[in-house]
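Per TrEMBL, these features apply:
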DOMAIN    11-341  domain 'DhaK'
BINDING   G62, S63, G64, H65, D118  substrate binding site
ACT_SITE  H226  active site, tele-hemiaminal-histidine intermediate
REGION    339-374  region 'Disordered'
DOMAIN    381-585  domain 'DhaL'
Amino acid sequence: MAFQGKKLINNPDDVVTEFIEGLVETYPGLQYLDGFPEVKVVIRADASGATYDKVAVISGGGSGHEPAHAGFVGEGMLTASICGDVFASPSVDSILAGIRAVTGPMGCLLIVMNYTGDRLNFGLAAEQARSEGYKIETVIVGDDCALPPLLGIAGRRGLAGTIFVNKIAGAAAAAGLSLADVAAEAKRASQMVGTMGVALSVCTLPGQVTSDRLGPGKMELGLGIHGEPGAAVADLQSVDVVVSHVLKQILSSETNYVPITRGNRVVLMINGLGATPVMELMIAAGKTVPKLQLEFGLAVERVYTGSFMTSLDMAGFSISIMKADQTLLQRLDAPTKAPHWPVGSAGNRPPAKIPVPLPPSRSTKSEESLSRPLQLSEQGRILEAAIEAAVNAVIVMRDSLNDWDSKVGDGDCGSTMYSGATAILDDMKKYYPLNDAAETVNEIGSSVRRVMGGTSGVLYNIFSKAAYARLKANSDSTVTAKQWAEAFEAAIDAVSKYGGASAGYRTLLDALIPALSVLKERLTAGDDSSTAFVLSSEAALAGAESTKDMQAQAGRSSYVSAAILATVPDPGAMAAAAWYRAAALAVKAKYEKASS
C-alpha cells in the first residue's frame, strides 16, 4: 500500500533552490546565479568567464542525486553545475547561463550524462553558445552495465562513473591543457568506466507517495537512478552474492562493457544511493576489493567509498570500475577544492591488516616462563589448588547464576562466568607460571579478557591487572598474606574507581569489600593466614546474601523494581563470594595437610 513519504522540506517545488542556498552557505567557495527559479546554477566563486584562463568544465542534470553535481564544483574539478528540477533535465536557458558565467578564452567542456533530455538540452545550449562565439566541446557519459549493449539510439545510461570523468576533466583543465586535450581525456575516461547498481527500496520524490513496487524481501538489479525499474527483481541476497553478480556483469567479456582484462590496474567506487548506512557501504567495499584481486586478477589502485551520486532516499549502492593508468591516477590524485570529492590515498597502499600485538606477558617472555613449571614450589601448589577450587565453584553455579540474572539482568551472568572459569582452567594447564604468583594473576586477567564478554569480563580483567601491579611491586618471590591482602585491596579499589560502584550498590563489591575488611582485621589481630582468609570468605558470602535488601545503583539491575530485586541476591556478588570462599577453603586445606 502506498503512503505519503516523509520529507524535511518546505514547498516541494522549492527543494532545489533551497538546497542550493544551503550549499553555498556551507561552502564559501561556491556561488549561485541569481536567476531562481528558472536558472539554477552553482559556480566557483573564483571563476569569472571574463577573466577565467582555464578550460571551464561544466556538468549537471536533474537534482536529487546530491552531492552530484553541485557538490563537485571547485578548483580542480567542476567549474559549474547546472541543476534541473528533481530528476528532470535542466533547461537550455540554465545551461547557457552557466556557460556564459564561467567560460573564458580557453573554452568549455560539457560533461553530459546519457539521458535523452540531458543530451538534447545540453546539445542545444552548446550550439547556441558556439553561435555566440564560445568554444564548446561535449562528452557524453554512458557507464551503465546493467542493460544490453545495443539499445538503438538510447544507449547506456549515465551513472556514478560520471563522477570519475568530472574529476579527470577538472584536473586536466586545472593543469592548463587545451580544450581539445581536456575533452580527449574526459572522453577516454568515459570509455574506461562501467557501473551497475542494486536497490533495496524505491526512492520517494518530494511531495509524492512512496512506491511499494519492490515489496518485502526483494531487491532490484541494474537500477535506474531516477526511480525507474531496474533490469531485474530478485530475492534479497547477502552482500557477497550481490557483489559477485555486479562484478561479473560489469567485467563480462561477452558484453565487453569496459576494456578491462586480467592484469589491468583499476580504480573502484562504492557509491551509496542515499539511504545506505556507511557500515553497509564499507562492507561492500571490503568484499569487492579481494574479489577484484583474486577472482578477476586486477590491481586495485584506488578505492572511493561513500555517497557520490544518490537517488534521493533510495537504499542500495552501485559499483563503478574504471581502467587506470598513471595519467588517470595522477588526475584522480590531483588536489581539488570541490567539497564532496573524498580525500584519497595516493601511492603504495600498506597491508590492509597487521598482526594483533601481544601483551607483554605473552610477547616478551621466554617460552619457559610462559609454560607450567615442571616442578611446583609450595606456593605454586597452593596457588594451583586455590585457582582450581575457585573456578570449579563458579562452573558449578552456572545455572543458578543465570537463573538469578534472568530476574534482575540479562540472564547470562552464569554463562559469562563459566566461559572465564573454563578458560582459566585450560590456560593454567598450559602456561600459567604458578611459581610466580604475580605473573599467574596477570595471566588470569589475560584469560578473562580473551573470553569473557560484557561488564563482568572487563571488571575481572581490571581486578586481575590491578592485583598484578601491586604484587609485581614486591621484590620477594614468596608472597605473604599481608601482600595478598594489599593486592586484594588494590584490585577492589580499581574496580570501584573504573566501574563507579562502591559498597551498597548491589554489585560484586558487596561481597569483596566485607571480605577485605575482615581479612585485614584478622591479619592485624595475629590470626594465621589461612584462618583469616576463611573468616573473610564468610563475610563475603554474608555480604553477597545481603544484596537482596539493596536497591541496585549500577548495571542493568538499576532498572529493575525493588520488589523483584528482593527475591534474589545479586548474581555477580554471589559468584564473587563463591570463588573467594572456595579459594580460601582450598588454601586452608593445603596448609592443614602440610602440617599434619
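Placement of Cβ uses the backbone N, Cα and C atoms for every residue, glycine included.
Taking all protein chains in view, 19 other C-beta atoms sit within 10 angstroms of the C-beta of H226 (active site, tele-hemiaminal-histidine intermediate). Counting only same-chain residues at least 6 apart in sequence, those with a Cβ under 8 Å from the Cβ of H65 (substrate binding site) are I225, M309, T310, S311. D118 (substrate binding site): 25 other CB atoms within 10 A of its CB, across all protein chains. Within 8 Å of the centroid of the Cβ atoms of G62, S63, G64, H65, D118, where the record puts substrate, the same chain has further Cβ atoms from G61, A68, C83, G84, V86, F87, A88, H226. A count of other CB atoms within 10 A of each Cβ picks out G64 as the most crowded of the binding-site residues G62, G64. In sequence order, V15, V16, F19, K40, C83, G84, D85, V86, F87, A88 are the residues near S63 (substrate binding site), counting only same-chain partners six or more apart with C-beta under 8 A.
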